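Let me begin by presenting the structure, written as structure tokens, before commenting on it.
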Amino acid sequence: MKRSIKAPAKINLSLDVLHKREDGFHEVEMVMAQVDLADRLDFTLRTDGKITVEMSEGFLPVDHRNFAYQAARLLQKKYKVKSGLHIYIHKYIPVAAGLAGGSSDAAAALKGANEMWGLGLSIEELAVYAAEIGSDVAFCVYGGTALATGRGEKIRLLPAPPPCWVILAKPPIGVSTGDIYKKVDAGKKRKPASPAIVKALEAGSFTDVCANLNNVLEEVTLPMYPEVTRIKERMLDSGADAALMSGSGPTVFGLIEKEAKVHRVYNALRGFCDQVYAVRMIRHEE
Ligand SMILES: C[C@](O)(CO)[C@H](O)COP(=O)(O)OP(=O)(O)OC[C@H]1O[C@@H](n2ccc(N)nc2=O)[C@H](O)[C@@H]1O
Ligand SMILES: Nc1ncnc2c1ncn2[C@@H]1O[C@H](COP(=O)(O)OP(=O)(O)OP(=O)(O)O)[C@@H](O)[C@H]1O
């Protein structure tokens, strides 16, 4: 038996840091939405009880450091599963990009292991295990569009953004999420963006989504990597309705309502950085 599951990338429409917690993590409020740039995970059962991971890209670890391995191993241990699993990851999402590629792989592996081993766990149960792997994994288990609170693991589903195009542009640098959180001024008073984004989504207003995009981590990443600011400027100058850095960066996304503008923005970015994608928001879990 073979099963394939898609693992879509996410973007942050908002990211507010509320304060630093005693466990070292930051209390956040953020609206996340999935886009249709996705990895694909193929699962096959192994009779020897081993969990093995293979990836289409050669440079990532395939041992216990891989989030997909960690996800399957977690369920295997919790439910004393005798069977093993082989996971082949077709990697399409850029790595260390702020697009939650690894987290989405972990979420897909939780779902794949659940199905392949016949565990019968619900999405809610999988989301609890997800939080043991990483802060973004619970969101990736639910998928779609959601408000995430706590350290990112408390999920409230929201209506998908109004139909639009999303241009993703990643400069050739990788950013460590931990390093960026370490440098953020967690005590600074700021007007949070997430409530306005939630309202805009509930009202189905593309204009209000664009007007309220905000990511507090830009305060740290933009001064460190000036190319991120240049990409944002280029997105807006070439016609994107709004642009923002996703997660801890360095990927910048631009939102575009009118299809006629998509090529212009895409081409303007292609001349500037090597990884550029024109994608759509995912309107429901696919
Ligand atoms: C930047 C975002 O991707 C936005 O969606 C997330 O907030 C981070 O999610 P993630 O990559 O799944 O994060 P994790 O793998 O759990 O944590 C990586 C590191 O980021 C920091 N971290 C993460 C989440 C959070 N709410 N507060 C933090 O301070 C911690 O130092 C942690 O060691
Ligand atoms: N399946 C995986 N895919 C990608 N990275 C993985 C995977 N498993 C482990 N990793 C490790 O996770 C690190 C972060 O990768 P990832 O692509 O998830 O970052 P990210 O997009 O910035 O995540 P986030 O937006 O959640 O902060 C990589 O440097 C890699 O070593």
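A Cβ is built for glycine as well, from the same backbone N, Cα and C atoms used for every other residue.
Remember, TrEMBL labels are computer predictions, not curated facts.
Copied over from TrEMBL:
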ACT_SITE  Lys10  active site
DOMAIN    66-144  domain 'GHMP kinase N-terminal'
BINDING   Pro94, Val95, Ala96, Ala97, Gly98, Leu99, Ala100, Gly101, Gly102, Ser103, Ser104  ATP binding site
ACT_SITE  Asp136  active site
DOMAIN    198-273  domain 'GHMP kinase C-terminal'
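Where TrEMBL records a feature, it is marked here on the structure.
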| residue | record | Cβ neighbours (10 Å) |
| --- | --- | --- |
| Lys10 | active site | 29 |
| Pro94 | ATP binding site | 20 |
| Ala96 | ATP binding site | 18 |
| Gly98 | ATP binding site | 30 |
| Ala100 | ATP binding site | 29 |
| Gly102 | ATP binding site | 26 |
| Ser104 | ATP binding site | 28 |
| Asp136 | active site | 28 |
Reduce the DSSP letter at Pro94 (ATP binding site) to three states and note it down.
coil
Enumerate in sequence order the recorded positions Lys10, Pro94, Ala96, Ser104, Asp136 whose Cβ-atom distance to ligand 1 is under 6 angstroms.
Asp136
Neighbours of Pro94, Val95, Ala96, Ala97, Gly98, Leu99, Ala100, Gly101, Gly102, Ser103, Ser104 excl. site residues, C-beta within 8 Å of centre, ATP
Ala9, Ile93, Gly247
Listed binding-site residues Ala96, Gly98, Ala100; those within 10 A of Lys10 (active site), CA to CA, turn out to be Gly98, Ala100
Lys10 (active site) in three-state DSSP notation
strand
List those of the recorded positions Lys10, Pro94, Ser104 whose Cβ lies under 6 Å from any atom of ligand 2, in sequence order, or write none if there are none.
none
Ala96 (ATP binding site) versus Asp136 (active site) - Cα distance in angstrom:
13
Sort Gly102 (ATP binding site) into helix, strand or coil using the DSSP assignment.
helix
So what pLDDT does the domain 'GHMP kinase N-terminal' (66-144) average out to?
98
